[in-house]
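Comments concern the structure below.
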């Protein structure tokens with residue numbers, strides 16, 4: 001099946017296959033093609049920490065994520081505009097998704113004030129007063145020339161009462177309408193615009209948020225407000241019902257998630273796109289994802305271990321260095337430890353999603369899931385019930 005998402009958008013989405021709820025798809029964007037399910041490395045400040053652009057290409061990343069909030073504050077729009085956009089500034093010629101800055105603004109807590117017009121906050125860099133609104137967020141992301149633009153929304157905190165979550169999502173819906181109007185009608189931006197579903201842990205509010213976004217109409221839909229401190233059982237509960245209600249012909253993006261197991265479970269429930277800082281952050285702390293689970297390289301048992309980090313991995317780190325060497329680098333506090341670890345962890349995530357795509361193409365996704373958990377010594381969680 002093939003769909004043109006929106007006559008005003010240059011993005012196309014094609015669903016290539018399905019196993020249960022799991023989907024194999026393809027996104028065509030202004031800067032290239034993205035095969036889904038996909039994991040997007042996070043490049044908050046215009047760089048994936050510890051990685052050269054050529055390293056990101058070598059791990060076979062298809063698309064990366066940038067942060068509107070941080071890039072707006074530093075280096076600022078003028079510098080990026082002088083370079084002709086974020087792609088040229090950071091020397092990355094493949095697709096980029098930028099979040100709107102909403103999550104970062106609302107994580108400032110008492111440092112920000114929310115009004116209907118937008119949010120006023122103190123810059124965490126120099127303390128100056130900054131105002132961010134749906135319209136300004138759209139203008140920033142146009143200067144960045146993001147292939148996928150995210151709407152400016154309020155990320156519902158956890159925990160939140162039903163009343164608090166409803167008030168928050170209704171503000172986000174009003175902002176979503178303003179985002180679309182400004183993106184399409186004022187800016188004439190043909191890059192993709194995604195809506196973000198909020199509503200906390202309440203199914204009726206998630207429905208209200210989704211239905212409101214559908215009335216406005218977006219090129220894709222993201223699930224926000226998860227991985228914000230809720231128990232995993234709560235996250236799975238939302239994923240059990242929400243993706244199945246989202247449009248079949250548009251990409252589904254789970255924001256900020258997460259662990260390899262979370263990605264597998266979300267794919268089983270119909271999600272297509274993921275991002276998370278976990279692989280890079282864990283690498284800087286000596287925690288490496290491997291086929292059989294997790295290696296904490298600072299453990300003294302690796303001091304004489306001459307095996308590669310993961311014998312199943314084809315990354316630069318695993319093809320050239322032993323666990324003993326990585327242990328040595330960590331104990332010495334060498335910068336190279338986090339660099340080699342980041343290369344490996346991000347390649348692991350790319351191999352994971354590539355394996356999922358291959359299994360979906362070959363009709364062996366159930367076997368893939370069983371093998372994934374068996375290698376970790378874990379029981380296979382129940383499949384979602386349709």
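Numbering starts at 1 and runs along the chain as displayed.
Any Cβ shown, glycine's included, is placed from N, Cα and C.
The active site, proton acceptor annotation in Swiss-Prot covers 99 and rests on sequence analysis. As annotated by Swiss-Prot, active site, nucleophile applies to 275, with the evidence given as sequence analysis. Residues or ranges marked as substrate binding site by Swiss-Prot on the basis of sequence analysis: 99, 100, 101, 102, 103, 153, 198, 225. Under the heading Zn(2+) binding site, Swiss-Prot lists 313, 315, 318, 344, citing sequence analysis as support. The annotation region 'RNA binding' is assigned in Swiss-Prot to 256-262, 280-284.
The structure, with features from Swiss-Prot marked on it.
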residue	record	Cβ contacts under 8 Å, 6 or more apart
100	substrate binding site	68, 137, 141, 149, 150, 151, 152, 153, 179
101	substrate binding site	67, 68, 69, 72, 132, 137, 140, 152
102	substrate binding site	137, 150, 152, 153, 154, 155, 196
198	substrate binding site	153, 154, 155, 156, 165, 168, 169, 172, 205, 206, 209, 224, 225
275	active site, nucleophile	39, 40, 41, 42, 65, 97, 255, 256
313	Zn(2+) binding site	290, 291, 344, 347, 348, 351
318	Zn(2+) binding site	308, 309, 310, 311, 344
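Taking the Cα atom of each, residue 315 (Zn(2+) binding site) and residue 99 (active site, proton acceptor) are about 28 angstrom apart. Each of the recorded positions 99, 225, 315, 344 was scored by the other Cβ atoms within 10 Å of its Cβ; the lowest score goes to 315. The DSSP breakdown of the region 'RNA binding' (280-284), given as helix, strand and coil counts, is 5 helix, 0 strand, 0 coil. Other residues of the chain with a Cβ within 8 Å of the Cβ centroid of 99, 100, 101, 102, 103, 153, 198, 225, the substrate site, are 106, 150, 151, 152, 154, 155, 196, 224, 255. Sequence-distant contacts of residue 103 (substrate binding site), defined by Cβ-Cβ distance under 8 angstroms and a gap of at least six in the same chain, are 155, 224, 255, 256. Following the DSSP three-state reduction, the secondary structure of residue 315 (Zn(2+) binding site) is coil. For residue 153 (substrate binding site), the Cβ neighbour count at a 10 Å cut-off comes to 31, with all displayed protein chains included.
Averaged across the region 'RNA binding' (256-262), pLDDT in this predicted model comes to 96. The record gives 313, 315, 318, 344 for Zn(2+). Within 8 Å of the mean position of their Cβ atoms, the other Cβ atoms in that chain belong to 308, 309, 310, 314, 316, 317, 319, 343, 347, 348.
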